[in-house]
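Peer 1: Dumping the structure here so I can ask a few things about it.
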Amino acid sequence: MNTVRETIAAIATAQGRGGVGIVRLSGPLAAKAGQLITGRTLTPRHAHYGPFRDQEGLVLDEGIALFFPGPNSFTGEDVLELQGHGGPVVLDMLLQRCVQVGCRLARPGEFSERAFLNDKLDLAQAEAIADLIEASSSQAARNALRSLQGEFSKRVHSLTEALIALRIYVEAAIDFPEEEIDFLADGHVLSMLDSVRAELSTVQREAGQGALLRDGMTVVIAGRPNAGKSSLLNQLAGREAAIVTAIAGTTRDILREHIHIDGMPLHVVDTAGLRDTDDHVEKIGVERALKAIGEADRVLLVVDSTAPEASDPFALWPEFLDQRPDPGKVTLIRNKADLSGEPVGLEQCDDGHVTITLSAKGDDQGLLLLRDHLKACMGYEQTAESGFSARRRHLDALRQACAHLEHGRAQLTLAGAGELLAEDLRQAQHALGEITGAFSSDDLLGRIFSSFCIGK
């Protein structure tokens, strides 16, 4: 049986008790179900107040029935909403009544899946519904809404159209080699290609910010032993999450703490102090610390501002720079300002990193600077007119597209291989298509929609 032609039903409101609860139906039986349950023919897009009845004609509840005939509905099919009282027993009775008239219970995300299959939403917009529901901050909610309204999809479609235009130009040059002008070598292809790469880079950067807002930023606290890393973690967490002693090497393993700053999710990782050691257990901790540094979205490199080596903290541990070469992802924390007498403050350094001077022992001003800085790193200060939500799979697809464009450019400039460039352009277009669902496997769609709420 084609499950898309079945009529599905589910409770669309959150679990628990509330003033109003909604049962939603979608499919060819929606109009008939509305007639059987309400005892009247429902006028499209009108609110009908009255009783909801069972098979015997007994009243289950009283509420409002709304009928939306397809294709002018959320799913593109006939849709019925029964809005009654929000008690779980009442809603379950109403849902069972829908099953009696021929509906089946909907799978998680099946309403959004049908909207996608009926071209009412693309895949990025469908995912934005779940992101909007799960948003943990006002900025994340605004970004998700912009993705739902199609902002992210428009950017991807624009890139796709530019790739298609470039593919047409390149493949025409390949198909007509007898032309006197070598169109692949006239500079126009490289100009078009570099323009697409520049726009793709911009979308990548903005998508990365959107993913941080949605998934949270991983912040690794690193530094020498006794620099105050664990004290800083405790201040950010607002509790004694880590043991703090004067003994060097107290922290020997990774310690993770999930916190929120004004609704912004952060995954904070405290690490073992970076130093050479003969202690086998501590050495493993240092190795794990370096691995965490390489995987972090942001690194807080904590130094003791009273120590002599604080004048050149990046020279303390060469392996640190090997794992984190981009200074723009590093925030230098000059800790123990209460002992060194250094003024609390924030400085943007010439090489791209930020330095914050503070005391991890209750320095409210310095900790406020750090919190605001971390929020800014996550895109908290974006305006409502910029930004969109994105997921890790979107970032992977954008990276794949970028890699294909880089490879194709190299094939053209080094070998003059137009055919290989054309193939890389096709692969880049395919990668972008995975974002909106233009090219997506059934397995991928199943994984995405199964993570949605039932009734969405």
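Cβ coordinates come from backbone N, Cα and C, glycine included.
These numbers come from a predicted model, not from an experiment.
So Swiss-Prot lists the following for this protein:
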BINDING   Arg24, Glu81, Lys120, Lys456  (6S)-5-formyl-5,6,7,8-tetrahydrofolate binding site
BINDING   Asn226, Thr245, Ile247, Thr250  K(+) binding site
BINDING   226-231, 245-251, 270-273, 335-338  GTP binding site
BINDING   Ser230, Thr251  Mg(2+) binding site
DOMAIN    216-379  domain 'TrmE-type G'
Peer 1: Give me the count of other Cβ atoms within 10 A of the Cβ belonging to Arg24 ((6S)-5-formyl-5,6,7,8-tetrahydrofolate binding site).
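Peer 2: The answer is 26 other Cβ atoms.
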Peer 1: From the binding-site residues Arg24, Glu81, Lys120, Asn226, pick the residue whose C-alpha lies nearest to the C-alpha of Lys336 (GTP binding site).
Peer 2: Asn226
Peer 1: Compute the C-alpha separation of Asn226 (K(+) binding site) from Ala272 (GTP binding site), stating it in Å without decimals.
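Peer 2: About 10 Å separates the two Cα atoms.
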Peer 1: Take the C-alpha atoms of Lys229 (GTP binding site) and Lys120 ((6S)-5-formyl-5,6,7,8-tetrahydrofolate binding site) and report the distance between them in angstrom, rounded.
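Peer 2: Spelling it out, the Cα of Lys229 (GTP binding site) and the Cα of Lys120 ((6S)-5-formyl-5,6,7,8-tetrahydrofolate binding site) are 50 Å apart.
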Peer 1: To the nearest whole angstrom, what is the C-alpha distance linking Ala272 (GTP binding site) and Ser230 (Mg(2+) binding site)?
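Peer 2: That separation, Cα to Cα, works out to 9 Å.
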Peer 1: So which of the binding-site residues is most packed in, judged by how many other Cβ atoms lie within 10 Å of its Cβ, out of Lys120, Asn226, Ser230, Ala272?
Peer 2: Ala272
Peer 1: Do you know offhand how many angstrom separate Glu81 ((6S)-5-formyl-5,6,7,8-tetrahydrofolate binding site) and Ser230 (Mg(2+) binding site) by C-alpha?
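Peer 2: The separation of the Cα atoms works out to 53 Å.
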Peer 1: Have a look around Lys229 (GTP binding site) and count the other CB atoms within 10 A of its CB, chains all included.
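Peer 2: Taking every protein chain into account, the count is 31.
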Peer 1: Please classify the secondary structure at Glu81 ((6S)-5-formyl-5,6,7,8-tetrahydrofolate binding site) using three-state DSSP.
Peer 2: strand
Peer 1: Please classify the secondary structure at Arg24 ((6S)-5-formyl-5,6,7,8-tetrahydrofolate binding site) using three-state DSSP.
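Peer 2: In the DSSP reduction, Arg24 ((6S)-5-formyl-5,6,7,8-tetrahydrofolate binding site) maps to strand.
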Peer 1: Give me the Cα-Cα distance between Lys120 ((6S)-5-formyl-5,6,7,8-tetrahydrofolate binding site) and Ser230 (Mg(2+) binding site), rounded to a whole Å.
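Peer 2: Their Cα atoms are separated by 50 Å.
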Peer 1: State the Cα to Cα distance, in Å, between Ser230 (Mg(2+) binding site) and Arg24 ((6S)-5-formyl-5,6,7,8-tetrahydrofolate binding site), rounded to an integer.
Peer 2: 50
